[in-house]
Amino acid sequence: MGGDVCITGHDSGPVFEEQPSSVVYPEGLSKGTVTLNCQARASPAATYRWHVNGTNVPVGDLRYTLVAGNLVISGPQYGSDGGSYQCLAMNRCGTILSRVANLKFGYLHDFSGEGQSPQTVYEGAGAFLACQAPAHYPALSYRWFVNDFPSFVKPDGGRWFVSQVTGNLYLAKAEPNDTASYFCFTTIDMDISTKSTFSKANQLTVQPDANTRKSAPAIKVLPDPCYYPIFPIPKLRWRKVDGLLPSKAGASAEGPILTLPEITFHDEGVYECEAYNSEGRDKHQGRINVQAQPEWLQVMSDSEVEISSELHWTCVAAGKPRPSIRWLRNGQPLSTQDRVEVNGGRLKVINLALEDSGMYQCVAENKHDTIYSNAELRVQVQAPDFRSNPVRRLVPAARGGQVMLECRPRAAPKPTLFWSRGTELLTNSSRVTVTPDGILWIHNISRADEGKYTCFAENYLGKANSTGHLQFHSSPTLLLRFLLPLSSPDATKITLAPSNADINQEENVTLQCHASHDPTMDLTFTWAHNGALLDLEDPAGPYHRVEGKETIGDLLIVSGQLSQAGTYSCTAQTVVDSASASAKLVVRGPPGPPGGLVVKNVAETSAELRWSRGYDNHSPIGKYVIMGCSPLSSGWRTMRTEPSNIEGNAESARVVGLLPWMDYEFQVIASNILGSGEPSMSSHTVRTQQAAPTVAPSGLGGGGGDRNELIITWTPMAREYQNGDGFGYILAFRKRNTPTWVVERVSNVESSRYVYSNQSLSPYCPFEVKIKAYNRKGEGPFSQIALVHSAEEEPTVAPLRINATALTAFEMQVSWDPVQHLSANGILRGYEIRYWRQHEREAAADRVRTAGLETTARVAGLRPSTRYHVTVLAYNSAGTGPASPKSTVTTRRPPPNRPPGNVFWKTDGSWVTVRWDHVKALGNESAVLGYKVLYKHEGQSALKVLDKGKTSVTLPLPKDNGYVVLEIRSWGEGGDGAAHETIVSLIKLRSYICTVHTCAPAPHTH
């Protein structure tokens, strides 16, 4: 072995384990290296060469080094090293070519030294700042920072947007604090480094504007996504015009950039971005064309082929644009010539010669990528040789049986085969058959057939033969040889063959199989289903051997399924021969899925479905049911059809009761007396035709708003009631008891509010209002009339006879005469009390509103010994009316801030008496008029109020031996003083003085 010959069974051609990948290297980085990987598995080991732009790389040059198969480039230079690199791996079996790896140089120049002119915008307006990125490679990512790095701009609810196409910064609604210097920050990512740079300052000044401008959205189509520098900030939504918007769009379906991860060809189509706000809406459409790099659907595999024969290899690749396919042999292009025919993905080589051996590659490429598939061809030339596969040396046989002898030598080209018995050449007869591929069959064997059988093989390179011996099986023991006359064993025979069976799905069935055989030999049974051997040893499986005599091999099938129908073969086997018998099993079950479902003649509320019958699984189909789903349904549901009951021989029906302008998918399910089958494949998505709306919007109402406004509100129409594109609302309204209707159109489907302004509108004027929907196909019916009032105006009359009285040091009571409703310019909601201290300005007054039309109210949280001014105003939904004349009140002096002291208690049977010292008021405190004792037990409480002269109280104790909590405090004109809390317990006979944080034992007697 050796030299340049590829040795069969020992050598193998190269197969890539690692291929080079494209690299972007920083331009100007002179001390780095680039490594392009290339490793191949081969025997003998592969050697490597490299090409750049089709020419040899001068490996050995100081800058080019080969490490194993990897190419290392030191100090890559833009002018001389950029290009397309390919690795060649080779050994004596052939050569293969790697994929192309591009070495490119990345760069990012500085921004221009000239800054942009400052921009000035009014508050509420939109603006954008251009980035004007410098020259660069590869693509940039963009961010903007404000004033100082790294204070980057954030989206802020959609006000800001940075385009990753142009780098421009967009602002939807300018605010005063947006005045700043803005810098465009650009970054490129390369394989071994990242580089960034930023622009000169872009100055933006926002000037105040008392009249904030409102604008309807207007899409300006730039190389940017869907974004609008408009106020009010519009909402955005995307839809697929010619189908359903993929659910994988997620939240991006309502953002400026529509993101579709893992895009497929199903995502192709026309997409529409719509922007809308309270002032109007705008739309723009664009088409997504999905393309794909090549992908193998079928490749060739390594082949060993006889010399002078033909080779047929096929490669099939998918991709868009459609990939072109070319062929290589040992790295060199193959084209049609002489014995070679190349036809796209098909390669044919006739009259194969030894020189055709080698490594072949099929190459599929389009503008997105190039892929390679490799295979090794070995053209075989060999004289016949039986060493690896001789004829079976000893072939046992039984009387009346049959045997098969195979003849399969290695040879190329294919040899001529013939058999002999001794010196007799065997030919086909009633008991002997020689097949073209060299198999010898002998039937109905007798002792006379015993002997030597030889297969001869011959081609132009030589001859060879191999011999086997046919003999009857001997008696198994020496004793039998002496006791019994010498005889031939009986052939194995099936005595009870399995019978054809017919069952329903989930039923059990037993297939019988009995056999007779030479009793001196072991007998085994095997079963096969449609030619595949069954596993009868798995206890959890459906197939089980029925236990019984050695000559019985019955098969039990448990819970039969449709997939288990077919032909079952029983084989009875001894070491000498075998016998087989077969039967068919029919399993009846629910029908299979219908096929070929198509949807035709799609109308506004109906569609025609056609399908083809599926397998009835041996039970006639009784009926069909049509299922459907839409974006509004939570799953598949049964659809209404014409006819309502679809008979089993039908192959079409009309689905009715559909919603206009709605996307649907359909399935068909067949059923018979055994149940319902699997549904058909889903139909393609169809959209019903548009129709005029059939229902009116609901929730009609309104009211409120600013002066001289009529506000009308309603519930936006749900998608299922829109019935078509170009959807909007028509409002009609008039003053009550007037004949003329005012009609207005609202073109935004999401709108739920309309504001009508007219300087002549009276406050709280009743209007009759109705609404209907419209779309491109027409108008729907009007709703019922609703009564809506124009905006209210503030009351014009102030309350009179204001009286403010101090109740305690912290609380006062205010009363007034009511305002007549007729002067309220609307519905009077209540009253607002304003109060402020004498030294404060009225503008700083505290305010308390009543919840209804009460004419008295208490105001708490006041300061003790303080003079307050008080006014009262009537209010409605528009605001407050004029203030009443001022009233003045002075709060009382505060109560003592000390709790009663020296508290002690004693018990007397079921009563407890508590005593304390009198609380003395200071000069700036209100006099003590008495004491309050709050008695608390198990969530219930009782209050005792005592006169000034009493400093003790007797109270009952609980009967359950529990405890009571007593709170004792002084009271007077200034209110309640500080409390002393005592816990009285019959169990521990102790009380506790409690502060905010701790409890300490209190003195007591008992």
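Glycine is treated like the rest: Cβ placed from N, Cα and C.
The feature domain 'Ig-like' is assigned by TrEMBL to 14-104 (among others). Helix first, then strand, then coil: DSSP counts for the domain 'Ig-like' (14-104) stand at 4 helix, 54 strand, 33 coil.
For 123-199 (among others), the entry in TrEMBL reads domain 'Ig-like'. For the domain 'Ig-like' (123-199), residue counts in helix, strand and coil come to 3 helix, 33 strand, 41 coil, using DSSP.
According to TrEMBL, the feature domain 'Ig-like' maps to 294-378 (among others). Helix, strand and coil counts under DSSP for the domain 'Ig-like' (294-378) come to 3 helix, 55 strand, 27 coil.
Taken from TrEMBL, the feature domain 'Ig-like' applies to 384-471 (among others).
Positions annotated as domain 'Ig-like' by TrEMBL: 489-586 (among others).
Summarising the annotation, TrEMBL assigns domain 'Fibronectin type-III' to 593-691 (among others).
Counted with DSSP, the domain 'Fibronectin type-III' (696-793) comes out as 3 helix, 41 strand, 54 coil. Residues or ranges marked as domain 'Fibronectin type-III' in TrEMBL: 696-793 (among others).
Over the domain 'Fibronectin type-III' (798-894), the average per-residue pLDDT in this prediction is 91. Residues annotated as domain 'Fibronectin type-III' in TrEMBL: 798-894 (among others).
Residues of the region 'Disordered' (879-901) grouped by DSSP class, helix first, strand second and coil last, total 0 helix, 6 strand, 17 coil. According to TrEMBL, the feature region 'Disordered' maps to 879-901.
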**Fill in**
In DSSP terms, the domain 'Ig-like' (489-586) comprises 3 helix, 47 strand, 48 coil
**Request:** Among 123-199, 294-378, 384-471, 489-586, 593-691, point out the range having the most Cβ pairs under 8 angstroms from the domain 'Ig-like' (14-104).
**Result:** 294-378
**Asked** With the domain 'Ig-like' (489-586) as the reference, which stretch in 123-199, 294-378, 384-471, 593-691 has the largest tally of C-beta pairs below 8 Å?
**Response** 384-471
